[in-house]
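Down below is the structure, laid out as structure tokens.
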Amino acid sequence: ICKSPHYMSIMSWRVCNVLVATASVASCVHSSAQIYLALSLPFCGPNVTDHYLCDLQPLLKLACTDTHVTNLLLVSNSGAICTVGFVMLMFSYVIILHSLRNHSAEGRKKALSTCISHIIVVILFFGPCIFIYTLPTTTFPMD
């Protein structure tokens, strides 16, 4: 949006491949850390969770050991991934919105209509994700 006439020179096949490779490696590291955390837990009790999706947080409740350190690793891993992704996306939208001051009214309107819908989707996706992974493991009666 900021430099649309230069898009083909900026977004070359090399840049696209680097972006895809970076996302793939980061997701594999994140997933491997979560799998390692889950496999290192000892389980000796019931194997039923009261959740629709068996995430690592409900799995910690089934473990037969103190999961405080594992929970800290979970929060630092998943919370950092969510927060860093959210901040990077919001920073890119701030740059885009800042660059719109040099465009015509019609160009600003078109870019804003695209950006606002994207920003809403980003907030709706990352907001609950960050909220889930930064909550303490204690449960409250209102839950």
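Cβ from N, Cα, C; glycine included.
Now, the feature entries from TrEMBL:
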type     : residues : note
DOMAIN   : 1-143    : domain 'G-protein coupled receptors family 1 profile'
SIGNAL   : 1-28     : signal peptide
TRANSMEM : 78-100   : transmembrane segment
TRANSMEM : 112-135  : transmembrane segment
Positions on the same chain near the transmembrane segment (112-135), where near means CB under 8 A and six or more residues out: 1, 57, 74-75, 78-79, 82-83, 85-86, 89-90, 93, 96-97, 100
Model confidence over the domain 'G-protein coupled receptors family 1 profile' (1-143), averaged pLDDT: 80
